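Peer 1: Okay, here's the structure, questions in a sec.
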Amino acid sequence: MSIFDVQGSETETSPLLHETTQTKQKTPLPKLQIGILMLVQMAEPIACMSIYPYINQLIRELDITGGNDAAVGYYAGIIESLFFISESLTVLKWSRLSDRIGRKPVLMIGLFGVGLSMLCFGLSTSFWTLVVSRCICGMLNGNSGVMRSMMGELTDSTNMAQGFALIPITWCFGSFFGFVLGGTLARPQDHWPDLFAGQFWATYPYFLPCAVAASVVSVSFMLVFLLEETLATKRKRYIPSNATGEQLSEEYRSNESPSENMANVPLRSLYIRSIIIPLANQAFLMFLDICIFALMPLFYSTPHYLGGLGFAPQTVGLWMALFGIIDGLFQALFFAKVVDRLGPKRTFYTGISCFIPIMVMFPVMSWLVFSGGADYMVSIALLCQLLLIVAWDISMASILMFITASAPTKNVLGAINGMGQMTVSIARAIGPIFTGSIFAFSKDHNILGGHAVFVVLCIPAVGMLWLASYLPKELQNRDEDE
């Protein structure tokens, strides 16, 4: 029996339908294939997050701002947004393509794009070369939607919470390694002058973390060969050599008819309430999430006189790495238990309710720095904020469960996840530019003591609490529909 045959072997009512009284045994996860998939996924956060600890210092050293520290946020926001702008233009096409040619080829193209862009980023010596490298990464990368489709195809409604919990867990651990990598290996000539004394390292002081990240991506590229294809029409099935004509005909019908038809479903037929509501919630969620992660390194690295913490890239990397490891452990140990107890919708509500307290902690830390508070007080406030962000992150896997359950069949998962990733990319493209610009503007003009950005971001957070009320109380039992 293949790993895919396991998923359809149960027919009872899903325990994820929280308010039902029936329960059934969970289908075991196909551990080997999901393990390989998560290792492949880990390369992306390692590569993408490795630039965050040093991006603000890189902008200062390239003299893009003309020495104006308050303007760093504008350019950091532009560079961070460029990936998502370019991704939003192509991600839906990649996801639709994966519905036709299979998931694996699209994954490999995406990984190639990430690796190439990281090498270009490390060799950049001007603002425009940074722009080109981020655009390359975004245009060639449709992996987020494809990986979610693969997870949906490897799970059923009984083990969906366990499976989708692994996506943010993997992202957290990948982010941890990315933050450490970027913070530790940036400017190696300053830390290990005997090993990195050549002119090359003086010219390209941020190439080492980019090269290591690209190497990790190349390993993930090779791991894709070990994955089994999850798209029904591209899966290899065992056919006995003595199979009859009737058996061959049945095999042909099962492989070709339904999936090929569904892969060509017009997108407008998917514009229905049960799909649009989860996708809209995901777009709001990811907009606010990228705003948090744009603010963290920016606030950490901003000098004291502008109300920031004045951290060096190494310190920024270590704090963000600490968040990554705490977040990953929490999601791994408690997410499925929280969903089983509260249900997906209340779990989602719990997570998004943490956003406003997260924003409040930024001016609290700024006040502690200005008032001459002890370093340990700032560290305690920073740790409290990181714990709130960990609680916020339980909403990530929750919304993925709603999106997967909204699919009428597994054969349109690629299209739905492509639609979702396109809207997410647009939201994430707007987020860093929006956040960085308001941060810089409020610092430049001392609006609300330089803290206007935190107040402004609370407005969409309130809107999201309203939008979340339209999510279904129960997850659709997709297994019975198929």
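Here the Cβ of each residue, glycine as well, is placed from N, Cα and C on the backbone.
Any TrEMBL annotation is an automated prediction that lacks curation.
Pulled from TrEMBL, these are the listed features:
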DOMAIN    33-475  domain 'Major facilitator superfamily (MFS) profile'
REGION    1-24  region 'Disordered'
TRANSMEM  106-125  transmembrane segment
TRANSMEM  163-186  transmembrane segment
TRANSMEM  206-227  transmembrane segment
TRANSMEM  270-296  transmembrane segment
TRANSMEM  316-336  transmembrane segment
TRANSMEM  348-370  transmembrane segment
TRANSMEM  376-403  transmembrane segment
TRANSMEM  424-442  transmembrane segment
TRANSMEM  448-468  transmembrane segment
Peer 1: Which one of these stretches, 163-186, 206-227, 270-296, 316-336, 448-468, has the most C-beta pairs shorter than 8 Å to the transmembrane segment (348-370)?
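Peer 2: Stretch with maximum Cβ contacts: 448-468.
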Peer 1: Sequence-remote contacts (6 or more beyond its ends) of the transmembrane segment (206-227), Cβ cut-off under 8 Å?
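Peer 2: For the transmembrane segment (206-227), the nonlocal Cβ contacts are 33, 36-37, 39-40, 42-44, 46-47, 50-51, 54, 58, 103-104, 107-108, 111-112, 114-116, 118-119, 121-123, 150, 178, 181-182, 184-188, 196, 200.
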Peer 1: Between the transmembrane segment (270-296) and the transmembrane segment (448-468), are there three or more CB pairs that fall under 8 A, provided the residues in each pair are separated by 6 or more in sequence?
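Peer 2: Yes, the transmembrane segment (448-468) contacts the transmembrane segment (270-296).
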Peer 1: At a C-beta cut-off of under 8 Å, are there same-chain residues at least 6 beyond the transmembrane segment (270-296) that contact it? List them, or none.
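Peer 2: Same-chain residues near the transmembrane segment (270-296) but 6 or more away: 52, 76-77, 80, 84, 320, 348, 352, 355, 358, 362, 389, 392, 395-396, 399-400, 402-403, 406-407, 412, 415-416, 419-420, 423-424, 426-428, 430-432, 434-436, 439, 453, 457, 460-461, 463-464, 467-468, 470-472, 476.
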Peer 1: Should anything in the same chain at least six residues away from the transmembrane segment (106-125) have a Cβ under 8 Å from its Cβ atoms, list it; otherwise answer none.
Peer 2: 40, 43-44, 47-48, 50-51, 62, 94-95, 97-98, 132-134, 136-137, 139-143, 146-147, 203-204, 206-211, 213-214, 217-218, 220-221, 224, 227
Peer 1: With an 8 Å cut-off on Cβ pairs and a sequence gap of 6 or more, do the transmembrane segment (376-403) and the transmembrane segment (424-442) reach 3 or more such pairs?
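Peer 2: Between the transmembrane segment (424-442) and the transmembrane segment (376-403), which are separate recorded stretches, there is no contact, as judged by 3 or more close Cβ pairs.
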